[in-house]
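Report on the following structure.
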């Protein structure tokens with residue numbers, strides 16, 4: 001008999017029902033569970049798939065460059081970045097007739113186009129690209145890298161080129177390679193690009209392959225580097241009247257510490273960023289030489305961990321046993337990587353708007369809103385994934401004998417204290433925050449707004465003042481003209497910082513009040529509850545008082561039958577599933593807050609946010625309802641406008657989201673009966689009954705239906721908010 005899907009599990013391939021298909025898809029990437037898997041093949045498969053991932057990323061970015069060069073208006077946009085709308089690509093087949101064609105023909109295009117809200121135009125402009133030819137060359141180069149990556153993936157699956165398990169487990173070499181080779185060298189290379197191409201480009205000088213060996217990035221060349229007079233590279237920076245992309249007001253400095261923003265572009269100084277990347281390169285190049293490999297010098301990570309026994313015996317045997325535990329568990333390593341990447345992605349969201357790195361991006365409000373929201377949602381999914389793999393580690397890879405009385409074992413030993421403290425924090429935050437909001441709602445409803453409970457966030461205001469914000473009148477540290485830090489800051493480091501933090505036209509340290517205090521605590525509630533669910537899922541993954549043998553049931557199980565009542569919904573997977581809803585909920589509050597505060601800032605009526613954000617009705621009426629009106633008007637009796645595509649996506653997002661509940665609220669029995677009835681009807685319908693199936697149709701398992709429901713809920717939720725965000729922002733600011 002021919003091999004049926006899935007080839008990696010012969011047991012599943014012989015399943016006579018449609019379960020074969022869904023379980024096959026669900027376990028396709030769970031390499032550990034496949035037939036005939038060895039540790040060696042497991043590592044090699046994952047290694048090869050990384051190359052495939054890189055190939056897809058390079059192909060995707062190549063496509064961005066190619067479509068903008070082919071169908072965009074990059075060269076026109078470069079002439080006037082503030083008033084020309086950047087085009088992402090053409091719309092091939094605009095439906096709905098002539099009104100649609102007219103509505104979507106913009107940005108100086110000849111036909112219907114999509115506007116880019118990704119910030120790529122600002123990014124490419126900042127790093128020195130100026131023409132469509134530049135974009136095409138970039139696209140071809142990335143296409144080449146994509147092909148090389150695919151070749152690399154194929155090569156490392158060939159017997160001669162397969163790395164051994166010992167190579168994969170050589171932690172010191174990998175750390176050195178990634179720290180020095182990946183971060184260090186690439187940061188140094190990026191500094192080189194900024195100094196040799198981007199900074200001259202910002203001063204109106206085009207440096208390309210044909211002249212980059214002739215153009216000195218700095219008048220004195222490498223002289224100051226070799227004579228130790230490095231400060232010469234910081235002298236004569238661009239002036240505050242510098243026009244970006246021209247020589248007017250330009251200086252000659254290449255590595256500076258100016259601080260603040262370029263007055264015209266409202267983005268960080270390119271020379272500051274070059275300096276930053278050089279410093280990062282220096283640090284990482286050193287860090288990549290710290291671990292012992294073939295040369296017998298440097299640290300052994302195992303020795304470091306073994307030696308690290310905290311004083312007083314309070315953490316038992318400290319980090320003994322951790323090296324082998326982590327180095328032999330791919331799930332532990334993936335959990336650590338995802339936790340780090342999740343935090344970094346969220347930090348990217350926070351810093352992209354407050355410290356914009358790309359020229360003119362701060363004035364493109366829709367792009368700012370889209371990038372913030374995008375990075376926060378990505379961060380949420382990555383962070384929940386970190387806990388999922390942490391839980392799988394405890395179920396599949398954790399060895400109690402190997403970790404006796406070390407920090408990992410002690411986490412499990414006092415998990416009740418950890419979980420109950422998190423529970424207490426969540427309850428406290430939830431009841432108090434909701435109590436304040438509801439009290440204020442009632443006061444507004446009764447016509448006595450002066451009886452609201454409004455709490456000034458004085459500690460946060462004090463922290464902002466310490467960083468130099470003067471409007472609160474705290475007169476402390478950098479906001480005090482008498483402090484040594486203030487005086488040093490004027491000359492030695494970041495003289496532009498204090499101007500930037502007290503300037504009202506950027507998003508640096510926004511002024512905060514009672515509305516911010518409340519929403520901050522609502523977000524804290526969401527973060528703590530999400531963390532509670534995830535931490536409990538991981539710490540109880542091996543077993544709990546209710547179900548001591550839980551680890552024998554694996555990561556995801558629906559229940560342990562009727563004989564052990566109450567074992568439903570307690571698998572580690574169920575914790576992940578619940579946590580994703582809370583994660584989405586929390587990021588909803590975060591993005592609502594960010595967006596509403598910024599809309600009022602950009603429109604110059606911050607009082608609307610300040611007055612309406614202290615009670616729930618204010619959020620519902622003055623943020624959600626007020627800003628969705630343009631969206632709902634995408635189609636109206638007078639035809640359609642350029643927001644109509646977002647109006648459609650808003651409706652479609654709600655549809656997908658609502659479909660999620662069909663899977664989340666009805667379970668297997670209902671679907672099984674429905675499927676059997678439909679199959680009966682099919683088999684008795686002429687013509688239709690000519691179509692037969694080999695697999696007996698059965699309903700999804702409870703766990704699978706939950707996954708499908710969760711996927712629809714998440715995708716619909718994000719689609720709906722994306723349409724709302726882009727339409728309400730672009731509708732106001734063009």
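Glycine residues also receive a Cβ, built from the backbone N, Cα and C atoms like all the rest.
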Point to revise | Given ranges 175-199, 200-224, 225-249, the stretch to which Swiss-Prot attaches the annotation transmembrane segment | key: 175-199
Exercise for review: Could you check which of 46-69, 70-93 is flagged in Swiss-Prot as transmembrane segment?
Suggested key: 46-69
Review point. So which range, 15-38, 111-134, 135-158, gets flagged transmembrane segment in Swiss-Prot?
Key: 135-158
Review point. Relative to the Cα of residue 559 ([4Fe-4S] cluster binding site), which of the binding-site residues 654, 662, 671 has the closest Cα?
Key: 671
**Study point:** Interface check, the transmembrane segment (369-395) with the transmembrane segment (707-727), three or more C-beta pairs under 8 A
**Key:** yes
Review point. In angstrom units, rounded to an integer, how far apart are the Cα atoms of residue 671 (phylloquinone binding site) and residue 662 (chlorophyll a B3 binding site)?
Key: 10
Point to revise | residue 654 (chlorophyll a B1 binding site) and residue 670 (chlorophyll a B3 binding site), Cα-Cα, nearest whole angstrom | key: 24
Point to revise | Surrounding residues of the transmembrane segment (330-353) on its own chain - C-beta under 8 Å, 6+ positions past either end | key: 42-43, 46, 362, 368, 371-376, 378-380, 382-383, 385-387, 389-390, 392-393, 396-397, 507, 594, 598
Exercise for review: Find, among the binding-site residues listed as 670, 671, the one whose Cβ has the highest number of other Cβ atoms within 10 Å in the structure shown.
Suggested key: 671
